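Everything on this sheet refers to the single structure shown next.
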Amino acid sequence: MGGKLYRHHLFWPVTVLGALLLFNLIYSPDFFSLVIRGGNLYGSLIDILNFGAPLILVSIGMTLVIATGGIDLSVGSIVAISGAMACLTISKGTDQSSFLLVIGAVGASIILSVVLGMWNGALVTITRIQPIIATLILMVAGRGIAQLITSGQIITVSNSNYEYIGAGSLAALPFSIFIVAAALLIASLLTRRTAIGLFIESVGSNPEASRLAGLRSKTVILTVYIFCGLCAGVAGLILSSNVSSADGNNAGLWYELDAILAVVIGGTSLNGGRFYLMGTVIGALIIQTLTTTIYMIGVPPEITLVVKAFVVLAVCLIQSEAFRKTLITRWKKRNYPAEQEVTRHA
Amino acid sequence: MHTPLLQMTGITKRFPGVKALSNVDFRLFPGEVHALMGENGAGKSTLIKVLTGVYSIDEGTVRIDDRTVTIAGPLEAQKAGISTVYQEVNLCPNLTVAENVFIGREPRRFGRIQWKKMNEDAKQLLKERLNLSIDVTLPLHAYSVAIQQLIAIARALSISAKVLILDEPTSSLDQNEVQQLFGIMRKLKSDGLAILFVTHFLDQVYEMSDRITVLRNGELEGEYMAAELPRIELVLKMIGKDLKLLEELPKLSEEAGEAAGTMMINASALGRKGAIKPFDLEIRKGEVVGLAGLLGSGRTEIARLLFGVDRPDEGKLLVADSGSTVKSPRNAIDLGIAFCSENRKTEGIIDDLTVRENIILALQATKGWSRPLSRKKQDEIAEQYIKMLNINPPNPEHLIKNLSGGNQQKVLLARWLLTEPDLLILDEPTRGIDIGAKAEIQKLVLSLAKQGMSVLFISSEMEEVIRVSDRVAVLRDRMKVKELSSSEINQKEIMQAMAGG
Amino acid sequence: MLNRKYIPILVTFGLLAAMFAAGSFRYTGFFSAQVLYNLLIDNSFLIITAVGMTFVIISGGIDLSVGSVIALTTMLCASLVEQQGWSPAVVIPMVLILGSLFGTLMGAIIHYFKIQPFIVTLAGMFLARGVCYIISINTITVTNGFFTKVAQTKVILPGGNISINVIIALALVLAAIFLAHYTRFGRNVYAIGGSEQSALLMGLPVARTKILVYAFSGFCSALAGVVFTFYMLSGYGLHAMGLELDTIAAVVIGGTLLTGGVGYIAGTFIGVLIQGVIQTIISFEGTLSSWWTKIVIGLLLFVFILFQRLLSERRITLKT
């Protein structure tokens, strides 16, 4: 039984998250304490969930993209564009506090992010450009587009309805948590209750065999990029609503990297195939907890980067077959480097 | 008789779980073309890789010019005078012709590459030894595969090769290109080079080689002078049979009324350049058609055309019921065709998925994403096929990559049976499967045919082709050479057609 | 005779010329030697980084750590010289060696453990940035005599002047052209980018070359960091943010295939200048804002990638 637990795909992510939380508990005993103030729950744990919400969302979309063997570098830019679009729409409205205006703003942002996702998907499927290169285009241009929308300014809005998305509360909890929960639920239902999950894993694991089994892999890949764009768009809404402003330059900066990291920590291989949505969520929580922890112990927050560097490397080394083999055989095959290379093809 | 240039003795090579070569001897004389023959799994490619230092040798010795050598990599093989030209040209398409000939050994002065000298040297080398006058400053990809192969040979020659290994060099060449290559091989032979020639084309073996070594199942079958080995004998040795012992096998299939079924699929003058010459083939409903031929004779190529994996260059393919042609695998499946590929690893199994998921994949793809099979239904299906095909371990949640090859094959068979096709194309369905399971699959094929399913059955094992087929088409050298109807089917007849000449 | 392999680079050069011409017609004072010199002065660090990146991309890899390594180098230079009082004669060679070692390490991990270059250099990027903040989270101003002297030295040329940085960058470009086209190392890089499997079977030193490529890129980034220190006279952890993207864009616009195997140092040089001209035009325009630079570069990236894709497609159909 113990051995089985050890092998479960969530074992390592959960352990790391647990260890992080435990460290925090020891360091600051009131870490787990929750206070009710003004009918809302407050506490470090809530903060982690609340601040981590956009990253979790983006990571969920990224998980599916990576599962098909792709990658989406443009999510950070889409986050910025979406926030900018929403804030621009609201700031242009005549009645700033109107509810309908918020609906329009959110709609415009979501449509725009879906279009951007479609653009990525089309580049990958129709022109058959490698995903990393295809999405690089929007990664570069997207920041410019976001600044174009905001005219290089930070657009500040004051609309209580809009603020609710990222800063409001529902049942004593931040509303953003519910958005994330809903997205996770939708993604899980779509991938596990319909055949989409099977198709994604199949295309990511062996594209040629999938084609011969009659899968329409292009449709699958296109859908996944659109979904990823949508997730990034919603994340952008949460982020901009939380601070009631849109910053084309800095919103969602490094999100693509953090999201990829969350996916990898969650156990999904960058080579595509099997994916683990729950693993990704825990991965994103680990990143957020790490940031919170580092803030708390008073080290400059930028040090997080160093820790992340080692986490990325450690996770990838564990996933690397060559590394594991090295540990086991200790360069036994050193004289025949081509052998491993060619055995794969034999 | 002169002494061999290269002498390999008692070569043994093990891979985890398999003995790829056991105690194989091989020798090469200067100024000869020596063909290395064998069917799938015979150990040809392993022997070549051992010789070129790609694989290590577990036991045995290699002697060149009477000196024992250890070859620990492609570079050392080159230094020992052994060069290889592979079927898929192993040069860099982005570099110029001259560079491809000289890279790693460019002429330099004070560390600076002398392009002028290199280009002239390359031009001269190609002209003098290969009668080839081309612009050597163009990138390699500007030239046809045939020319690229010649450039690869030029590279080998410039390293002062004594042994030249040509690994299926002719597979993607047309007739004229093959003759050009042969002309050059003859020239090199007269220059005293020892050429190891691997090919699937029997005609070419007899046209070019002086000596033939046959391998089977990783063991040495024998070494013969080409002139003294009749074609039919060669084929028999490759597949491990004795002509005298060939006798009528009991046919499992009953004499089906020849005109009983209506047309299922009809190919007329269907062909694809470099893959299969135009052929006619019709398959009727409820009929089992066998394709017989050696490895590389064009069997798989026919299957790929029928399933829409590759596009034909010429001819027509008609699926009777719908009156339409096949455009893609998806389209083929919709038209009631299923194709169980021989390349399980690359074209069959989805590594990361479970047995259950692999089984339902094709059916689910047909139903679309929005109508998933319920988990209960999936479990039932998996259960049913695991039992029916005796898949081991009988656990539907096992990852398919951890199953043995034979069991993977059964899972793929299950995947396609589940789609209830009208035409099932089986490419080597019994390779790597134990005898009991083989018989089961053969029986299954017959019972499916009885229920009205058409089957195109491809196998290297002639007995099973004969046992299950109502009709057999024989292929040789990428061409359909003969078609035998049920009363004419017998081993000798097929063997003769396979060997040709 | 027009060799087909030069088409991308000619297109790039034509684009640069057209942009410069357009700028000259539209804005008074645009067409001057000093505008051209300023392009070089303001982009010398980018040219140096892009040279290293070109080798990496030709070999079929990518290096995301370049911007961070520049930042780290400025940080090391500034803190060692200003706060520790070390001599620039010690510090500069030392940071160059450190940059190369950093690249070597990443290259070794990429090659021996077969992890995607993207991920390994991403970790390198985090690491180098993070180390900057360990040194200091604030800007360190450089007042050292040597650094200020180099920064202020102007080399007078007809019609204007350039800085020492430009000379360093141009020298590196020339050296890199020689390295790429006239040495075995350079040709091996191209071979590996064309087909690593073939390079291996042809007996080329694949492992050594691949690792050296990243070492060279690390060296270039460190050199760019030194040049950046001359340029900004400060060390700061936020220096060269997002520079990896500008670098990659310059390399691609310069005609290097992101899939590896094809590319030119000279093209990269022009690619950097194109980015510079876009910025100059936008600053001359006045009403146009700086973000248009990113949009135009993104657009150029798209056009060039599509163009490359079509070229390679034609190549494949030509072959079969």
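Just so it is clear, glycine is given a Cβ too, placed from its N, Cα and C backbone atoms.
Whatever TrEMBL says is automated annotation, not expert-curated.
The following features are taken from TrEMBL:
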{"type": "TRANSMEM", "residues": "C:6-23", "note": "transmembrane segment"}
{"type": "TRANSMEM", "residues": "C:35-58", "note": "transmembrane segment"}
{"type": "TRANSMEM", "residues": "C:90-113", "note": "transmembrane segment"}
{"type": "TRANSMEM", "residues": "C:119-141", "note": "transmembrane segment"}
{"type": "TRANSMEM", "residues": "C:162-182", "note": "transmembrane segment"}
{"type": "TRANSMEM", "residues": "C:211-233", "note": "transmembrane segment"}
{"type": "TRANSMEM", "residues": "C:245-278", "note": "transmembrane segment"}
{"type": "TRANSMEM", "residues": "C:290-311", "note": "transmembrane segment"}
Q. Does the transmembrane segment (C:90-113) reach the transmembrane segment (C:211-233) with at least 3 CB pairs under 8 A, where each pair is 6 or more residues apart?
A. yes
Q. For the transmembrane segment (C:6-23) against the transmembrane segment (C:162-182), do we get 3 or more Cβ-Cβ pairs below 8 Å once near-sequence pairs (under 6 apart) are dropped?
A. no
Q: Verify whether three or more Cβ pairs under 8 angstroms connect the transmembrane segment (C:35-58) with the transmembrane segment (C:211-233), leaving out any pair fewer than 6 apart in sequence.
A: yes
Q. Near the transmembrane segment (C:35-58), which same-chain residues lie under 8 Å Cβ to Cβ, leaving out any that are not at least 6 residues past its ends?
A. 20, 29, 66-67, 70, 117, 157, 159-163, 165-166, 168-170, 172-173, 176, 179-180, 189-190, 193, 213-214, 216-221, 223-225, 227-228, 231, 240, 243, 246-248, 250-252, 254, 256-258, 260-265, 268-269, 271-273, 275-277, 279-280
Q: For the transmembrane segment (C:162-182) and the transmembrane segment (C:119-141), check the count of CB pairs under 8 Å (sequence separation 6 or more) and say whether it reaches 3 or more.
A: no
Q | Residues of the parent chain within Cβ reach of the transmembrane segment (C:245-278), under 8 Å, 6 or more residues beyond its termini | A | 5, 8-9, 11-13, 15-16, 19-20, 23, 39-40, 42-43, 46-47, 49-51, 53-54, 57-62, 66-67, 173, 176-177, 180, 190, 192-195, 293, 296-297, 300-301, 304-305, 308, 312
Q.
Quick test of the contact rule: Cβ under 8 Å, at least six residues beyond the ends. What residues does that give for the transmembrane segment (C:119-141)?
A. 62-65, 67-69, 71-72, 75-76, 78-79, 82-83, 102, 106, 109-110, 214, 233-237, 244
